[in-house]
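Asks: When I checked TrEMBL for this same protein, it listed these features:
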type	residues	note
DOMAIN	2-153	domain 'Glycerol-3-phosphate dehydrogenase NAD-dependent N-terminal'
BINDING	PHE10, ARG30, LYS102, ALA134, ARG249, GLU270	NADPH binding site
BINDING	LYS102, GLY130, SER132, LYS185, ASP238, SER248, ARG249, ASN250	sn-glycerol 3-phosphate binding site
DOMAIN	174-310	domain 'Glycerol-3-phosphate dehydrogenase NAD-dependent C-terminal'
ACT_SITE	LYS185	active site, proton acceptor
Amino acid sequence: MIAVAGSGAFGTALAISLAATGQGVQLWARDPAHADEMRQARENTRRLPGVELPDNLQIITELETIAAEMPVLLAAPMQRLRDMLVLHKLALGGRPLVACCKGVELSTGLGPTGIIEELIPSAKPAILTGPSFATDIAHGLPTALTLACRDRDAGRALQQALTTPNLRIYRTTDTVGAELGGAVKNVIAIASGAVMGAGLGESARAALMTRGFAEMQRMALELGARPDTLAGLSGFGDLALTCTSEQSRNYRYGQSLGRGESFDADITVEGAATSRAVLDQAREMKIDMPITEAVVAMLDGTLQLRQAMEMLLSRPLKEE
Ligand SMILES: NC(=O)C1=CN([C@@H]2O[C@H](COP(=O)(O)OP(=O)(O)OC[C@H]3O[C@@H](n4cnc5c(N)ncnc54)[C@H](OP(=O)(O)O)[C@@H]3O)[C@@H](O)[C@H]2O)C=CC1
Ligand SMILES: O=C(CO)COP(=O)(O)O
């Protein structure tokens, strides 16, 4: 038995995938009307339309009903994770909590496991991240993810619990690397989408992805991440997926910036707030992150895409 808190696209997809092992899965929705809709339609029409919810997936609206010590996957957006934990602190304590969000909190500079540690010290924090689109997971397409947990034994148990026939889980204790890979790749995906939206070409995108990967490494290694984590699913893997697929909301958001079009403000775009949080931290640590800086300036409207490209191309020539 396992529980997923948050019935957005990703939480629902993970719940469906976990249910495919035959075990009971509880999926928590914060909005009772949404829960009722899902119970009646056996589908999450709001967030993940077109996929049936299996019979062994139970929709719940009270986190207090989840059995003690059972792991809970936390599938709220990054900037909402704190609110969710504050509200449900008692129900979530004393168990493994697996963050399924990507990013850095704007108000504190913390990643998901840092927020869990701060608010629910009795929990065992972990993060599930890596290249995967919710619809792919929900349709049972093969996917590989990284589970990062500083507690080695808890990490092993979670790896077993979260593996499904189509979802292969790799394990690490490097939460810093796993979190930063997932956070920075969304910033670079916005930049990649902008370059493609403006018609600057695939060669420019490849350069941006590579130099974006260098930014990811610069910050993460300084913070103690391991190089192999960044080269793995949660870093390079997710960067490659998100910077090249129109399934990605961060990429599509970037495309609309590049085309000078507006974008639906209700769509979750984690890289927007995270780019600002990463840049704040980079400035504090005196780390050079020019692509992140350009993304933030474009989001603030202080720089147009063409100017951003000129800025990046006119930087002093240096060794790779
Ligand atoms: N979608 C994907 O393909 C993937 C997503 N992720 C990550 O998963 C995370 C969630 O994204 P995703 O599921 O796609 O987002 P969605 O936009 O589909 O859904 C967001 C969900 O979070 C809920 N929520 C919002 N605020 C709160 C809150 N304060 N407390 C509790 N729940 C809240 C929403 O509830 P309500 O509906 O009631 O508003 C909704 O169910 C992101 O960090 C994303 O990067 C990772 C890999 C793949
Ligand atoms: O994280 C993801 C793919 O791994 C999903 O990307 P988006 O949030 O950009 O849709």
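Placed from the backbone N, Cα and C atoms, the Cβ positions cover glycine too.
Where the annotation comes from TrEMBL, it is an automatic prediction and has not been curated.
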Asks: Return the average pLDDT for the domain 'Glycerol-3-phosphate dehydrogenase NAD-dependent C-terminal' (174-310) as a whole number.
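Replies: Residues in the domain 'Glycerol-3-phosphate dehydrogenase NAD-dependent C-terminal' (174-310) carry a mean pLDDT of 96 in this prediction.
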Asks: Report, as a single number, how many Cβ atoms besides its own are within 10 Å of the Cβ of ALA134 (NADPH binding site).
Replies: 22
Asks: Using a 10 Å cut-off, grab the number of neighbouring Cβ atoms around the Cβ of SER248 (sn-glycerol 3-phosphate binding site), all chains included.
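Replies: A 10 Å sphere around the Cβ of SER248 (sn-glycerol 3-phosphate binding site) contains 24 other Cβ atoms.
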Asks: At a 10 Å cut-off from the C-beta of LYS185 (sn-glycerol 3-phosphate binding site), count the other C-beta atoms across all protein chains.
Replies: 32
Asks: Pull out the binding-site residues from the set PHE10, LYS102, ARG249, GLU270 whose C-alpha sits within 10 Å of the C-alpha of SER132 (sn-glycerol 3-phosphate binding site).
Replies: PHE10
Asks: Sorry to bug you, but what's the C-alpha spacing from GLY130 (sn-glycerol 3-phosphate binding site) to ARG249 (NADPH binding site), rounded to the closest Å?
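Replies: For ARG249 (NADPH binding site) versus GLY130 (sn-glycerol 3-phosphate binding site), the Cα atoms are 15 Å apart.
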Asks: Just the binding-site residues from PHE10, LYS102, GLY130, SER132, ASN250, GLU270 whose C-beta lies under 6 Å from any atom of ligand 1, please, or none if there are none.
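Replies: So the answer is PHE10, LYS102, SER132, GLU270.
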